[in-house]
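Right, one structure below, let's go through it.
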Amino acid sequence: MSNPSQISPAKDAQMRVEIDRSLRHPVMFFFTSGAAWLAVSLVLGIIASAKTHSPTFLGECGIFQYGRSFPAHINTLIYGWGAQAGFGVMIWLMARFARQPSKNAGTILTAGHIWNLCVLIGTIGILAGHGTGKHWMQFPTFVWPVMLAAYAVIAVWSIVAFRCRKNNHVYISQWYLLGAIIWFPWVFLTANLYVNVFDVHPLMAAAINGWFRHALIFLFFTPIAIASAYYISAKVSGRAIYNYSYSIGGFWALAIVAPWAGMQTMMGSPIPVFLQYVGAAATMLVGVPLLAAGVNILKTASGQQETVAYSPSLRFSIAGVFGMLLLAFASLILAHPSAMRFTQFTIAGYGYDVLAIYGFFSMCMFGAIYFIVPRITRREWLSRRLIRTHFWFSIYGVLFIFLFCTLLGGFQQGAAQENYTQPWIQAVANTFPFTVGMTVAWCFVLYANFFFFVHLALMWLRLGRRSSHPTLLRREHSALGPHGPEGDIEELESAKA
Amino acid sequence: MTFKSFLIGMCLSFGMAWMFVIAIPTAKMNNLSPVKMNNEEDAPYYQHKRSGRVLNGAEIYASNGCYACHTQLIRPTYAGRQIWRDDMAGVVDSDGNDSRRETTYFDYAGEKYAQIGLMRMGPDLSNVAYRIEKYAAATNLSAEQWLMEHLYNPRNNKLRVGEGGELMNMDWSNCQAQHQMFKKSPVVGQGNVLALREKTEDGEEIVPKEDALVLASYLMSLRRDDVVPASMNNAPVESAEDAE
């Protein structure tokens, strides 16, 4: 996405360094605390998953029983990791696109701490037995207004930066990010007001909760991940986006289709029937904008297999794009009304969320983090091996969860439930291998992300390599070592000049 | 595309869905008109009855995550077939009385949030009060006593009686024990009526706390077997002959 700008390259580079420096602390804070929450979430996920096949695991104490560890796991995944990774990428990209250093890093950092405090209080609340029982909204109800206020303080500066941008061209990533920034409070406020504040019919409250989950995936996590994948694929491959008008079309297709999705989770309940079918149709149709963005991104990076293989950021982003295409496929299968009779009340729904949040969104965020962190810390990643471990364990873990546990397991479980002539023990027995598989897969993903967190924390402490050579996932060795000459970047650069 | 046209597009695309999926259906569902029992002119209006500590019981149900594994929804046959599962949607007694029916929008009355549920790791609870009473009668316990034993230890092998009167093995159950709802207490007089049958090693009894009592009251209110208006009654049809 190189832009023919009027200013000289040297000035432009200096501008980029200034932007990176201005946002170093908030962005690193979001990434590192997000990674820490991801590790916490995965530990809770392992506990929850283990509880489904071995209910006496960890003794039978109340705190970690499935009904508490599972919501704690999901909510830390969404608000602790997902939202914070999204914030970090969002504010950095918006500042870079607007070509303006941030003047509000301190404010954003403070709001970030408040957000973290909310997640912490909410998680303790759930584990202590004060969860609300509304999926993805289980934090005790006094937390959400504070979270929304913290969000406003974090996000408003990105809109300001956009309005005061120094170049007229608007990149596709900017529209996606702007969309996410506006959709999040709209969705979050609507859902919380209707479910927690207004006195609505209990069934509509549950339906709006289903809508909220899908809106959060499709209107917050998805646009941020797509924006980041567009940016990384263009930037690392050094090409313009394959087709700009096509990408704009993809954005509006998402904007038009996605807000209708979600109420198919209520299939068969006594709410107006059109809501159930509109939700199913919209969820299936979301495949169209996902496909549009996916093809566009893959076309941008096509023919550059070496770059995709060597660059950690591009490799993760492209893996995320494949996750997105898999999500489009999963939406088509799992939201289809004739499949829902089997999958509606099975582990398939959980696996779908995991695919969306981890297989798609998180992979794109990892790609962005591997790109952004060396720029804002002015240090390079320490170890190719850690990055490679992170990549492969994540890929195998999430693919195993989705393909084996969710698709196969969900239908196995559902078929046993539908077979009403067999006793209930059949449904439990059919699910058993898949829940065990889920536990194993989460262990893989935790292994990957534990090292990711350590790596990231070291980078924040500025213990990264002092080198002008990025850490690439190359295998061959040169005389200068795997990463080129070591030393202080400034010294190396002046030696070259 | 300018920022202004972008905002207009956002408002239209999101606002329309918001209106037709959230605002209007919610308003409509808040103003449901009462339903007559049948088409006759002087037919009475349907009155949904539910007793028990529904509201705070639902809170205990929610905060301990029962909804993660148990559903409360008997789907119509286009969406699922659990209406035919034994004792799940109601019962057919020996006289041929059939109380099986789908869930209606009255069934969540008294709750703030309909706990449809996420996964069926465990069976549906729409009519769990029925099953509790049945199991309790077979084991010579009151329904509350049976429920306390079950909440404390779902893998208790002395609680289920099979068709031939034999005790059933429940080791396979993956239900979570709710020990936090119970406490140890010294035996006073004849002991607590709802104390578990098994005493602790030092002779104390295990008695339910308030949470367990409230939850039990809520679970005992889950009995969706009343006669609903003809317009809502979609009881299953046994055979094509009955349908005619």
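Keep in mind that glycine also has a Cβ here, set from the backbone N, Cα and C atoms.
These features come from TrEMBL:
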- A:27-48: transmembrane segment (TRANSMEM)
- A:78-95: transmembrane segment (TRANSMEM)
- A:107-130: transmembrane segment (TRANSMEM)
- A:142-163: transmembrane segment (TRANSMEM)
- A:175-195: transmembrane segment (TRANSMEM)
- A:187-497: domain 'Cytochrome oxidase subunit I profile' (DOMAIN)
- A:215-232: transmembrane segment (TRANSMEM)
- A:244-262: transmembrane segment (TRANSMEM)
- A:274-295: transmembrane segment (TRANSMEM)
- A:316-335: transmembrane segment (TRANSMEM)
- A:355-373: transmembrane segment (TRANSMEM)
- A:393-412: transmembrane segment (TRANSMEM)
- A:432-461: transmembrane segment (TRANSMEM)
- A:476-497: region 'Disordered' (REGION)
- A:487-497: compositional bias 'Acidic residues' (COMPBIAS)
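Below 8 angstroms of C-beta separation, residues 172, 175-176, 179, 210-215, 218-219, 222-223, 226, 230, 278-279, 281-283, 285-286, 288-290, 292-293, 296, 335 of the same chain, each at least six residues beyond the ends of the transmembrane segment (A:244-262), sit close to that stretch. In summary, the transmembrane segment (A:316-335) lies against the transmembrane segment (A:215-232): three or more C-beta pairs, each 6 or more positions apart in sequence, are under 8 Å.
Sequence-distant contacts of the transmembrane segment (A:142-163) (same chain, at least 6 residues past either end, Cβ-Cβ under 8 Å): 79, 87, 90-91, 94-95, 97-98, 100, 102, 104, 107-108, 110-112, 114-115, 118, 121-122, 125, 174, 177-178, 181, 184-185, 188-189, 192, 196. Segment contact is absent for the transmembrane segment (A:27-48) and the transmembrane segment (A:393-412), given fewer than three CB pairs below 8 angstroms at sequence separation of 6 or more. Proximity of the transmembrane segment (A:215-232) to the transmembrane segment (A:393-412) is not established, fewer than 3 Cβ-Cβ distances being under 8 Å for residue pairs spaced 6 or more apart. Put simply, of A:78-95, A:107-130, A:393-412, the stretch with the most CB pairs closer than 8 A to the transmembrane segment (A:355-373) is A:78-95. The average pLDDT computed over the domain 'Cytochrome oxidase subunit I profile' (A:187-497) stands at 91.
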